[in-house]
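Here's the structure we're looking at; comments come further down.
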Amino acid sequence: MPFGNTHNNFKLNYKVEDEFPDLSKHNNHMAKVLTKELYGKIRDRQTPSGYTLDDVIQTGVDNPGHPFIMTVGCVAGDEESYEVFKDLLDPIISDRHGGYKPTDKHVTDLNFENLKGGDDLDPAYVLSSRVRTGRSIKGFTLPPHNSRGERRGIEKLSVEALTSLDGEFKGKYYPLKSMTDAEQDQLINDHFLFDKPVSPLLTCAGMARDWPDGRGIMHNDNKTFLVWVNEEDHLRVISMQQGGNMREVFKRFCVGLQKIEEIFKKHGHGFMWNEHLGYVLTCPSNLGTGLRGGVHVKLPKLSVHAKFDEVLSRLRLQKRGTGGVDTASVGGVFDISNADRLGSSEVAQVQLVVDGVKLMVEMEKKLEKGEAIDSMIPAQK
Amino acid sequence: MANSFTRMISGRNTAVILASVGAGSLTSGFLLCDSTADAAERRKLYPPSADFPDLRKHNNCMAAALTPTIYGHLRDKTTSNEWTVDQCIQTGVDNPGHPFIKTVGMVAGDEESYELFAELFDPVIKDRHNGYDPRTMKHPTDLDASKITSGMFDERYVLSSRVRTGRSIRGLSLPPACSRSERREVERVCVTALSGLKGDLAGRYYSLGDMSDREQQHLIDEHLLFDKPVSPLLTASGMARDWPDARGIWHNNEKNFLLWINEEDHTRIISMEKGGNMKRVFERFCRGLKQVEHLIQERGWEFMWNDRLGYILTCPSNLGTGLRAGVHVRLPMLSRDPRFKKILENLRLQKRGTGGVDTAATGDTVDISNHDRLGKSEVELFRK
């Protein structure tokens, strides 16, 4: 909640045992790390904007577990959360991001020319390609915490920046609250727009407050480059198109992002970034590159193969349904994307997707012919 | 370049900039002492007009009453439990309208909310309760069941009868605002008191967290238990936090007198049975309520009540008696008659589906109950 949270001081009158959440039935990263002792140690802290430990963990307390994915169970309310609550967040980050240490440094590489290949994924299998990331604007608190005034401020800045783009990025901003229902449905069906949040993972963190105030989408005239404003992060930047030319998608992504960043910097509001955590976003799972690059790919045979999950794991990839984070697969079509975010660069992560999907399509073709794929199972990347 | 960007950054507290460039935990430690100064800085940067919600597409009592002036007076105030008006109205901002009912659109976080934010609560109460003015009027409480002489209905039509109300424990924050320890305190106070009930009211407590899935489903099927809240009206107000911690149900052995602990209110007290003997349901209701009150008073607690608002509950719609007395009744012909709505209105009754507030009727059976809560006593409403 905005403007300071002295409610926390009031809660300090109660003993730790009485305030400590019951996490006995929980299975998320937060529940694994947060002990009563740790809770007692850091519960009296708050960030300058008044974000507290209880705010950080509320979504994890309210959502004990998820059927498809191991959730993080906590969010940041502002840039300082990652400092003030590092006793909780560092172990979670390490757990979630493959042992990433508090002393590690993260490398950012948005030079699309460093990507090898990626323009030849078979469009008979790879239906669409997409790369997204998030960006947070310095000087504002994050979606779980911001007030209506801040959210509108973010929107105003973003619209000024985005509508000044030109060339292939030239486009228009559609505020959610003045969109017609028909426009909105069309954008959802085109896979361009974000849904009204219904996932309790998001709503319990408070990021859906005041919907649809201050939310909107900007997209270019070709509908291949989009920016979501004030959904789970300040900005979500997306490049996408039908078919398998991931190289082109990534190029547009990098060029567009760099143009946007230039404009924001010129106006004195850079993006939240530091050399330890990379780009700072609401969910600890999106730190680093914040990048999810992936494809919608038809793998009906491979996906029911006993070794499918192991193949994915070795390729450092993850699967989702075609509706996004909380959904199941439809008709053997999966959303396959990079699993890593922190500790490797944008180029490296997209390279894994490109190489991995290529391999899996080859495997699918083999299975279609009734051949075994055991010799193709990759080593751990 | 002098534009909105520059104006915004010039208002920034230096310490915030330092933290932003990663100056580390030492600076953050310093900042912690300074958080009230920072909050004041942020208030200056974002005056109430910047935060005023966009209610143009909204249709609830809060949206009808809230003006920028009122919001400006109230935004920076906090109750002694540190509850704000923004938190009161969040559910109404997030839920513009409801297809079946005109919602209230705001909740109280504690007893003090109704006082501190009276400038907004009073017009909402007036709107919702038929012109009742808390500044000038008094609410009568009457739980004397002997005054009811009729109340036996034809069981071929009336399938079940039920009376419910809510009670809040004075001194503890209400469900939208309470911390885990306060909620657990409510549970402790109630469960300890309830263990003192005897005779036909004797029963036991089932904690939601410790119940098996099977037990839970059985209680839901028998209409005894509350669901995990899914209605956005409830979840947006924060009352579902930490579910199912400190939630539970107490019922007597005959399963016709129940208490829900920590759902939408601290307690919901329900008397119900199959068939049409509403008089007996009300008798048990009044008797049970009085005993529970006595039992908590023995331990130094009391219910939130005052003579202007009656019993204080989370939702302004439940002030006064908090009483909803009704039946599940089969009215296949009447419910399809175009005059049905008007008939209900004239009788000061309301209809709901058989699943509760957010549901539609199943088959020909409707839930019919009193519309009013505030301004008339329990006995008066019951007679209707």
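Here, residue 1 is simply the first one shown, and the rest follow in order.
Note that Cβ sites are derived from N, Cα and C of the backbone, with glycine treated the same way.
The domain 'Phosphagen kinase N-terminal' feature in TrEMBL is assigned to A:11-98.
Here TrEMBL flags A:125-367 as domain 'Phosphagen kinase C-terminal'.
As annotated by TrEMBL, ATP binding site applies to A:128-132, A:H191, A:R236, A:292-296, A:320-325. Under DSSP, A:G294 (ATP binding site) is assigned to a strand (E or B) in the three-state scheme. Note: A:G294 (ATP binding site) has non-local neighbours A:S129, A:R130, A:V131, A:D335, A:I336, A:S337, A:N338, A:V353, i.e. same-chain residues 6+ apart with C-beta under 8 A of its own C-beta.
Residue counts for the domain 'Phosphagen kinase N-terminal' (A:11-98) under DSSP (helix as H, G, I; strand as E, B; rest coil) come to 42 helix, 2 strand, 44 coil.
When pLDDT is averaged over the domain 'Phosphagen kinase N-terminal' (A:11-98), the result is 93.
Around A:R236 (ATP binding site), the same-chain residues six or more apart in sequence whose CB sits under 8 Å from its CB are A:R132, A:T133, A:G134, A:F194, A:V227, A:W228, listed in sequence order.
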